[in-house]
Every structure is written in structure tokens, then in C-alpha cells.
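Written below as C-alpha cells is the structure these notes are about.
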Amino acid sequence: MDAELTNRSRDALNAATTRAVSAGNPDLTPAHLLLALLEGQDNENLVDLLAAVERRPGGGSARAPSASLGSLPGVTGSTVAPPQPNRDLLAVIADAGRRAKDLGDEFLSTEHLLIGIRPTARPPRCSPGRAPTPEKLLEAFQNTRGGRRVTTPRPEGQYKALEKFGTDFTAAARERKLDPVIGRDQEIRRVVQVLSRRTKNNPVLIGEPGVGKTAVVEGLAQRIVKGDVPESLKDKRLVSLDLGAMVAGAKYRGEFEERLKTVLSEIKESDGQIVTFIDELHTVVGAGAADSAMDAGNMLKPMLARGELRMVGATTLDEYRERIEKDPALERRFQQVLVAEPSVEDSIAILRGLKGRYEAHHKVQIADSALVAAATLSDRYITSRFLPDKAIDLVDEAASRLRMEIDSSPLEIDELQRSVDRLKMEELALDRETDPASRQRLEKLRRDLADRERSCAAHRPWEKEKQSLNRVGELKERLDELRGQAERAQQHGDFDTASKLLYGEIPTLERDLRWRPAEEEAAKDTMVKEEVGPDDIADVVGSWTGIPAGRLLEGETQKLLRMEAELGRRLIGQSEAVQAVSDAVRTRAGIADPDRPTGSFLFLGPTGVGKTELAKALADFLFDDERAMIRIDMSEYGEKHSVARLVGAPPGYVGYEEGGQLTEAVRRRPYSVVLLDEVEKAHPGVFDILLQVLDDGRLTDGQGRTVDFRNTILVLTSNLGSQYLVGSAPEEEKRRQVMEVVRSSFKPEFLNRLDDLVIFSALDEDELARIAGLQIAGLARRLADRRLSLDVTPEALAWLAKEGFDPAYGARPLRRLIQTAIGDRLAKEILAGEVRDGDTVRVDRVEDGLLVGRAEG
């Protein structure tokens, strides 16, 4: 008997035996088996079978025999023999075996047992008319398995396999569960053309992640439902297969192959009525291929080649190259359909089409300007992802954030309400007291309570506005639901219902929705923000990229017009350099070549004159953050073998997985100033790499990824020829000598690709005095954190400028002088307790230097 049982039948008998042992029953009865069948794992097929017969969930039947188990005789003791099948159970198994033989089945399945067990285990007080008869169960069983025979020990997983492992896109389209598909007409038409072929009618959608490959398939499903397809595709079902669900739970060898074979058989038996879709098509290569088993790709090949299986696949360019192209026999059975990234204008159109769905889901309004901002800002600032997916995510997150703010009570209202509740409890306690002090406290408390209740009443409009907004959201949801009902009624030919909806209820709801915003517009002072605007989109972009939201919306022209003034505040004595950089950045922003960096400069000059400071000021001005500067010391790249560190080690070398120092930094922060310090010390191979960046605005790293440099400003610094700049020769002669040195050191093709060569002049004493003022102001800000004030006399400032002046070293000696003459002395006085928090520190000129101490009075 064991040899003829399926795995689940054997498990059910073992579970029934265990149940009988735990209950102390000496006999194994049909009631034990029925309970084991209906309460066991993986019993969906039996529950569905009972539900089909009884027209109700099958779980109700599982409770009936459990009540009758208590009436069975029980035994106790340590030498109790294991329970044996009684006469009724043996008759059930024999009857099930006969039925299996009559049906041509090779194994005894759980369904055979259920058909045989049902009459003998009928619960007490259950009328014969309500209990399913064996004939009804047998009829339902034959309908469920669709004429297939039980020829394996695991047949239960093969019934309704397509329903279990697939999602019907056409059914979802009929129920309006799919988002509308805007555009993509050319791609959908191409898919229809391939599907209409006689053989190899299998299109594969290839494109970057997020460009809308699955949306093309959803658009095809919607067209099939509307009948907007050729005759060869009319009334077809588009079913998405879930390979992950097929692999999941396949415990035994060959179980995955059986599941897939059953699905393919169902598709074949549909006689071309089913078109399948596999998202992430590359997963079929190797899926289920454990222990030398055949993978899904090899099982699909014969049907794909003969045209028995019409399949639509979707995968990314990289995965297609790495997985599908390596199997030419599989690749030739598919026809490529490229899905390109839509333009910003097309993305805005897509967002407008989806706007209603997101408004209904989040119950907020979404301004059209927010949609435009989402498409433009995501295209400009989120370069690692693709439209329209990134723009849709921006709108979704901004609407979600606004919904969360609406649902959350404002902090001040919440605190007011809590304080009112606390004061009311105090009032009840004080009201019982009779002494004068308590009565006085009670009067004061009641006055305070009245004030707070008035404040709470002033905030009640917030609740009213919130309720009104929720009502608008409910109206939108209802409107969306009615439109779906009208669409389904038209598809089924119920024009009476469709006309009632289209010309009755829907126009009424639309009027209500138009009237409510007009009413709310009249009341300008609203406490609840109900519309997603460009500011909200910019906030989300800022949280994703780290770029401040205010700068995202500020006009480029306004920002760049004040560039010299902003940079000039930080950089003293280099007006020509500031002017040259500002002009170059403005020119590139105005008539920008989209395939080059925003700016590329070579800063030349002696040490300490502000080359690095200008790069920091650029990062702060353009990106609101000094840390938006990627600084690489080129003296570390003087050896030939170290050049590869910039872009990452090639495959097979140590450090391949880590990426490049330059490429990884720019990939993580594409909007930044890249400072390559002391570039003349780098190996000549570095400049060959930089040629590609300066010319094309892109660089390929060691792992084959293309890194975008188009939004960076490239700054290279060098001390070449600085000895000529500190001399007394005329300015033009100095510049000529510097340029001769530069031309002899760098290749012409490198210099020719730079936007500008900026020469920094040496600082004079007046400029150093102004720099001293900036340094002192920085020290004062640091002292303010300790609540100390700094007062430096003009005489002390002049002494600092004079003593710190050294044309050969620029402003760095001044910084060291301020640290030693003021900073170090002040630190000693703070540690000694001579200067305390809140004091004013005075710095004055004396004969032998500076006097630093606490100001008197």
C-alpha cells in the first residue's frame, strides 16, 4: 500500500496516527484521517475542492470531526500498543484505491482519500443533503485536475498551476488595478508585431531599470481588454509567470521541473489563448538547475522555437548581455525590442496621466508645477537612475510626506491638548480642598485653563480643514471607482448601467470636487497644506542627494550674476582669478555643451595665495557645502602602477571590488568640485585619463561603469613657475615666464581642453591685512561657541599683517602667527581659569608683541 501512496497521502496517514496516539485512541479512524487531511500543511487543493462542492470555504468541514474525536474510546498506560487502522479506515483506503484505478491513476492521492472518507466520517447532526456526496466530490476533482492523471508522487502541486504561479494582467486591467500607460505606442506596436509572427513570436523588452518595460506589457494588457489589438491577440489572456514561486518550496528533486512542465502544458492546452510574460527574463537561465537538473531556459526552448508558447520577456541591458547572450540557442528564440529612456517632456506627460491615481491614493492635491519640477529636477540631479521611474518616485514620496504631515497632529496643538487635560485633573483635585491657599491656587488654575481652552478653540479649524480634505480624498476614490465600473459596464455591453454612471453619478461627483476647491480657495488662511508643490519635490530631491532644496529652485541666472561678489568675500587679492572663474562658469552655464564638465581650470601660483581656498569657495557657492569638494593629492599618483587607483584596479588585481578613488567619489556625489592638488607631481598617465574627462565629461571605471563628470567643476592646482611670480619683474613678463614653464611641462592636447589657465598673483601687505581680518573673524566665531567675545585693536591687526607678511609663502605664515600669538596664549589662560565663559578677550599691541587677556570693566 505504501508504494502506491503519494507523498502527501503518506504524510496525512502519519499525522493521523500521531493525532490518535496523542488522544490515547487505540484505533485509527476515518475521523483522524479527515482531520489530518484538512488541518495539515499544503492542503489548499482539498479546501478548494470542498469549497467548490459546498459553495463555501472548506474550513468549516475541518471542525466537524474534531468534535467527534472526544467520543472515541481512549486508553492510558506505558505499554499501550500503537493505534491500528480500524475496519472503516481500511474500507476507505480500499475504496480510494478502486477509484484511483478507475481513473487510470498510478498513485493514491489525498483527493482519492477524501472522496472515500467523506461518507463514513460524516459529523453527527449533519443532514445528508448538506454533506458532499462522493459523486459530487469526484466531479469537482475531475474538473480541478483538467483530465490529467496522477502519475507522480507529487501530483497535488500540479492542479491549477497557472493560477497558482501566475498573475493575470488582463484580469487586473479589467478591474482597473493597473496604472494607465501614457505613450510607449511604438514599443507596444512592435511587441504586437512580434507576437503576431508564426514562429519565434517572443519579444524581449530590453532597457535600463526604471524606463518602463513592465509598463509596456501592462499597456498591452489594457489594449487587449479594450479590443485595440489585431485579431490574432483579441480576447487573449496575458499571464505573468512567477519563477520565484515555482522554485520556492520545491523540496524534492524534479519538483520544480514538474511545476514548470504543468504550467507549460496548461498554456499549450489553451490553444494559443494565453500569452505569457516573464519579468527579469534572465532568471530563466539556471533557474531550478540544482543537482544536474534541467534549468527553466532549456525547458522553454522547444516550445519557443515551435511557436507553441508566446512569451514576452523583460530584462536590463546588462543582464541580457551577461545571461541571455551567453546562451545563443535561447537568444535566437527572442526578438529584441529596445525600450529607451523617455525625454523630460514625455516623462511630464506620463506623470500627468498618473496624477489622478496618486491623488486618490494619498488624498492630496498635486500641482502641475510639481510634476514639471519632478521631471526636471530628477533628470538634472539624480543621474544614477532613469526616467520616468525616478520622477514618479519623487511625486509619490512628496505626496506621502504631505499625507503624513496632515495625519499627524501639529506639535503645538498636541501639547496644548495635553496641558488642558492635565489642568482639568488638577482642578478636580483642588476643588475638594477648602483652605484659602488651595482656593487661591484653584482660581489661578481656572484662569490658566480658560486661556488654554481658548487657544485650543482657535486651533479647531485645523480639525475641520483636515476633515474637509479627507472628504475630498474619499470623493476622488469614489470617482475613480465609478469610472472603473462604467468602463467594465461598457466592455460587457451593459450600456444602461454605463449611461447612468457616465451621465448621472460621475458628473455629480465631478461638480462636488470642482466646488470644494473653489470654496477652499475663498478661505485663504488655511492651517493644513493640501497640495504638493515644487518646494515639496525639491525637499525630497534634497534629502536624496544632499543638495539644499532652496538652491534647486533658485534661477541659475540670479545665482551666477552675484558670483564675483560671493567669491570675493572669501578670496582676498585675487580679483582677476575670481573674474576669470566666474566668467567661465557663467559662459558654460549659458551655452553649455552637455558633454563636458561645468568648468575645468588650471590654477597656477605660489603657495598660500588662495588656490585651494577658491576651490572651497566654489563648492560652497555652487553647492552650499564646502564638503562638496573631492580633494585628491596628486603627489600620491607619481608612480605608474598607482595611476589605476584613480579609476579602480582591473579585473584579477587586488582591490578590483573597491572601485577607483576618483570615479567612486564622483559617482556618489556627481555635483561637486573635483580638486586635483599639485597636479605637476602626477605620473603622465594621469593626464591621459583626464583627457577623456575634459573632452567627453565621462570616465569608465575598472568595473566597466560609466561615471558622469558633466556636473562637476574640475580644478587642477600647480606651483609651476611660482618663483617668477614673487619677483620684481613686470606683470606681463611674469605671466609669460610662467606660461613657458607650463607649456614645457604639460602636453598641448591637455592644456587645449581646459576652459582657462588662471594665474594667481603674490599677495601684498594691504591684502594680507584684510586676510588677517578674515582670520580673526574665524577665531571669533570659534570663541563664540564658548560664550567668549574677542576684541582686537587696529594696532594689533596691523602688527599681525606686518609680522606675518612673506611674499614667498603667502598667507600661511599669517595663520601660524595668529595661532601662536593669540590662540595658544588664550588656551593657556582658559585652562588656568583666568578667562571664563562670558568674558571679553582683548588683544592689544605692546612693545614686544601682543598682549592677550581678559578685558577689564
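Each Cβ is built from the backbone N, Cα and C atoms, and glycine gets one as well.
Since this is a predicted model, take the numbers as computed values, not measurements.
The annotation region 'Repeat 1' is assigned in Swiss-Prot to 5-72.
According to Swiss-Prot, the feature region 'Disordered' maps to 56-83.
Swiss-Prot lists 85-147 with the feature region 'Repeat 2', giving sequence analysis as the kind of evidence.
What Swiss-Prot records for 160-341 is region 'NBD1', and it gives similarity to another entry as the kind of evidence.
Val211 (ATP 1 binding site) falls outside any helix or strand according to DSSP and counts as coil. Using a 10 Å radius centred on the Cβ of Val211 (ATP 1 binding site) and all shown protein chains, the other Cβ atoms total 23. Annotation source Swiss-Prot lists ATP 1 binding site at Gly207, Glu208, Pro209, Gly210, Val211, Gly212, Lys213, Thr214, citing similarity to another entry.
The annotation coiled coil is assigned in Swiss-Prot to 392-525.
What Swiss-Prot lists as region 'NBD2' is 556-762, and the listing cites similarity to another entry.
If you look up Swiss-Prot, you'll see Gly605, Pro606, Thr607, Gly608, Val609, Gly610, Lys611, Thr612 marked as ATP 2 binding site. In the three-state DSSP reading, Val609 (ATP 2 binding site) counts as coil.
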Ranked by how many other Cβ atoms lie within 10 Å of their Cβ, the binding-site residues Lys213, Lys611 are led by Lys611
Same chain, |i - j| six or more, Cβ under 8 Å of Thr612 (ATP 2 binding site); the result in sequence order is Leu675, Asp677, Thr717
Over the region 'Repeat 2' (85-147) the mean pLDDT stands at 66
Candidates Thr607, Val609, Gly610, Lys611 (binding-site residues); nearest Cα to Lys213 (ATP 1 binding site) turns out to be Lys611
CA pair Gly605 (ATP 2 binding site) / Gly210 (ATP 1 binding site), Å rounded to integer, equals 47
CB neighbours within 10 A of Gly212 (ATP 1 binding site), counting all protein chains shown, number 30
Rounded to a whole number of Å, the separation of the Cα atoms of Gly608 (ATP 2 binding site) and Glu208 (ATP 1 binding site) comes to 47
Students should find that the Cα atoms of Val609 (ATP 2 binding site) and Pro209 (ATP 1 binding site) sit apart, in Å rounded to an integer, by 47
Counting only residues outside Gly207, Glu208, Pro209, Gly210, Val211, Gly212, Lys213, Thr214 in the same chain, those with C-beta within 8 angstroms of the ATP 1 site's C-beta centroid are Ala215, Ala314, Thr316, Val339, Glu341, Phe386, Asp389
The sparsest Cβ environment within 10 Å, among the binding-site residues Pro209, Gly210, Gly605, Gly608, Gly610, is found at Pro209
